[in-house]
Every structure is written in structure tokens, then in C-alpha cells.
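Taken verbatim from TrEMBL:
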type	residues	note
TRANSMEM	55-75	transmembrane segment
TRANSMEM	82-101	transmembrane segment
TRANSMEM	107-133	transmembrane segment
TRANSMEM	145-167	transmembrane segment
TRANSMEM	173-191	transmembrane segment
TRANSMEM	247-268	transmembrane segment
TRANSMEM	280-299	transmembrane segment
TRANSMEM	311-330	transmembrane segment
TRANSMEM	336-356	transmembrane segment
TRANSMEM	368-395	transmembrane segment
TRANSMEM	401-423	transmembrane segment
Amino acid sequence: MSPCLLFALEEMSAPWPYTSPASNKRFSVMLRPQMEHWSAILRCLSLSPFWRGVWFMQVIGLGMAWFTPLIGNLSDQYGRKALLTLPVTAAIIPLAILAYSRATNFFYAYFAFRTVTDMVGFASINCLALAFLADNTRADKRASAFGILSGVSTAAFVCATVSARFLPETQTFQVGAIVSIASAVYMRIFLKDTKLEKDGEHLPLLSQTNVDHQDVESSKQVQNSEKIPSVLDIVSLFRDRKIVSQAAVVVFFSSLVDCGMQYSILYYLKARFHFNKDQFADVFLIGSLAGTVSLLFVMPLLVEAIGAEKLLSFSLLYGFISWGIYSLSWSPWVPYALALSFFFTYLPGPCIRSIVSKQVGSHEQGKVQGCISGISSLTAVVAPLVFSPLTALFLSEQAPFYYPGFSILCIGSMNVSCLNLNFCN
């Protein structure tokens, strides 16, 4: 799959401490050589390190929530490849800056450019890759295709983490810039843009028998429209399609779990078991390896057997149970064991994306995937304001009762809300 290889190259090229709320649980602590870069930038600002990082991630989350639906909409009008060129090419700039020099002024330039490029393109690459796969995959195969795409992304993250341990610190950004350039060149040369028929009668790799009449009519309406969809168009997308609107709620709570854990679990393990950065990296690397295996090999089999809807319910319930046990960690070895057992916690994202993609026509895939990504990005604003103070409270002596992992239990309970909403579908 061309989009999978492109997404893998882009993931491996980004030595960046910001972590996405979507789903693949990217943790900045795993890229050890970059922590000193991040700390140097933070010292240049006036706020405390924690709130500087929170403020920065909230700004990026708001930017992604605004730009990702817009880019998804534009891809429906002008093609996936044309819009994918923008974020993939823009991602080269900040890496090239620090590849050239790591002087203080270049850090400021890197910080500024990286903020803008992440706001515009961090979630857009995933959004457009999903839309491209939806254009070229039968509806009954999309869940497996989306799972493979997420698995390739997670595998690329593991490779980048391992590479960062062996690369000299001075060469990290040089290698990142080279890989980023390679991904842009690969996309322009080998990725074939999707050309959808205006009459909606012929879809790539999608037989006529699998095309729903409602999807065809929706495709005609969007294709015949010459204007860029407005906010009202996006609102109508959720208002007119019940499953899409319910899936958006599930996405929000599921992403809130992922993002909330990023703000809580490192603090919890540090205060509870005095973990250092190497132990953090080992725990999350084990979890990422388990997620890679589940996405690439297990999910396609389970989707064929029970369907994406039932798999979504099972993975949400499994996530709640896993995080509940995690909150009761009684020994330093428990996080290691549980990280290996987080086999199905990576599956809700691809399942939800596949369910939503079946509810719209071929010319609305960019719009719906962009809106779902935008909703997911909003959790970067909400999670630190809610869960960071809660984690700090229950790890302090002022806690109303003794339960150091109570915040993790609360975060995991968001999966129960997702489970109930999913049953309502």
C-alpha cells in the first residue's frame, strides 16, 4: 500500500517531542536525544516547564482542530495527492533548520516553524491517508486497511525510537530531514492520485454491487458543488447522519483516554516507582510493539470474524479493564507486564474510522475523516486541564483518600462511556 509506506516514512522523519492525541500513543520520552532540545526551548520562555508544554500542546491542538477538517474538505475538491503535498513538504522545513545548525536562533526558528507545520499538517497526513485508502478499498475491507495503516505508523514509531538510541545526537535531525525528503519524493513519484468519476458510477477497486445508492447521490451532490464546504456543511454532516454523530462522540472520549494518559502516566510512574527516562522508554516501546502486532496481524483476522462494530466494543471494554488494573500497580514490574498486554487498546481508532467511512460517499471521505481528526485534536486542549491536576492531587499528601492511580482509573472509565454510546448505535 503506497499510503502506508508514505505514512511510515513521515513518522520516522519526525523527531518531535509533541505527541498526538489520536491514538497511536506517541510518547516524547522515547526520543531521548530530543529531550535536551525541548528543554532548551522551554528555558527560553517565562512560564514553568509544565505549563509551557501544556500551553504549547493546546495551541497545536486548536490549530489541528481547525485546519484538519478544512484540508480534508479541500482534498475532496482538488484531490488527495495535491493536498497531501502541502503537509509532507512543510514538515521538511523545521527538520532542515536544526539539521543545519543547533544554535539558539535556529532553535527559535525551529520552534516557530514546527508549531505552524504541526497545526496545519500533523493530523492532516493521517486524515488524507485514510481518505485515500477509503477511495481505493472496498467498504468491507476498510477496517483491515485502516488497521494496517495504523500498524505501519506504530511500527515506524518503534523503528524511529530504536534508531534514536543509536544515532549520535548531532545527526538526529540530519537523518530526520533526509527521511522526510524521501517521503515527499516517494509521494510525488509513486503515489497515484484518486480520480473519481463525476457520475459516481465507478469507484476504484470498488465493484458496482457494493456502491450504496445513497452514497452515489451524496457523491453527485458534493462533486457538483463548486464551493468549499462551510462550517454549516460540516454541521449538517453530523446532523443528518446519526451514526457519524455518535461515532464523533466515541472518538472524542476515546481520544481523551489516549491524551489523558500521556499527561498522567509518566507523572504517576515517576512518583510511584521513581522511573527514569530509560524505564519509560522501555515500557512504552513494549506497548508499541504489542500494538504493532495487533494492528498488522490480529485486527484483520478479528474484523473478518466479528466485524468492526463488535471489535470496537470489545477493545473499549478491554481498555477499561487494562487501565483499571494499571491504576492498582503495586510493583515496578506491573507496568512492564501490562504494557505487553495492551494488545487491543490500539484498535478503537481504525474501527471507528472504518465505521464512519461507510456512512458517506466517495467524495466526502476527506470531509468526514478531517472532521473526526479535528474532534480528536480537541482533546489536547481538554485533557491537561482536567487530568494533570487530578493526577497531582492523588499523588500528593492532600489526596481525599489513598489511591495514587485514581486519575488513571478515571481516564480509563472514559472507555465505558464510549462503550455505552457504541451500544446505542
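Each residue, glycine too, has its Cβ placed from N, Cα and C.
The listed stretches are 55-75, 107-133, 173-191, 247-268, 401-423; of these, 247-268 has the most Cβ pairs under 8 Å to the transmembrane segment (336-356). If you look at the transmembrane segment (311-330), the same-chain residues 6 or more away from its ends with a CB under 8 A from one of its CBs are 143, 250, 254, 257, 261, 265, 272-273, 299, 302-303, 338, 341-345, 347-348, 351-352, 355, 403, 405-409, 411-413, 415-416, 418-419, 422-423.
Sequence-distant contacts of the transmembrane segment (280-299) (same chain, six or more residues past either end, CB-CB distance under 8 Å): 24-25, 27, 29-30, 32, 143-144, 147-148, 150-152, 154-155, 157-158, 161-162, 266, 269, 311, 335-336, 339-347, 350. Using the rule of three or more Cβ pairs under 8 Å, pairs at least 6 apart in sequence, the transmembrane segment (173-191) is not in contact with the transmembrane segment (55-75).
Of the two recorded stretches, the transmembrane segment (107-133) does not lie close to the transmembrane segment (401-423), with fewer than three CB pairs under 8 Å once pairs fewer than 6 apart in sequence are set aside. Under the criterion of 3 or more C-beta pairs below 8 Å, with sequence separation of 6 or more, the transmembrane segment (55-75) and the transmembrane segment (401-423) do not qualify as touching, having fewer than 3 such pairs.
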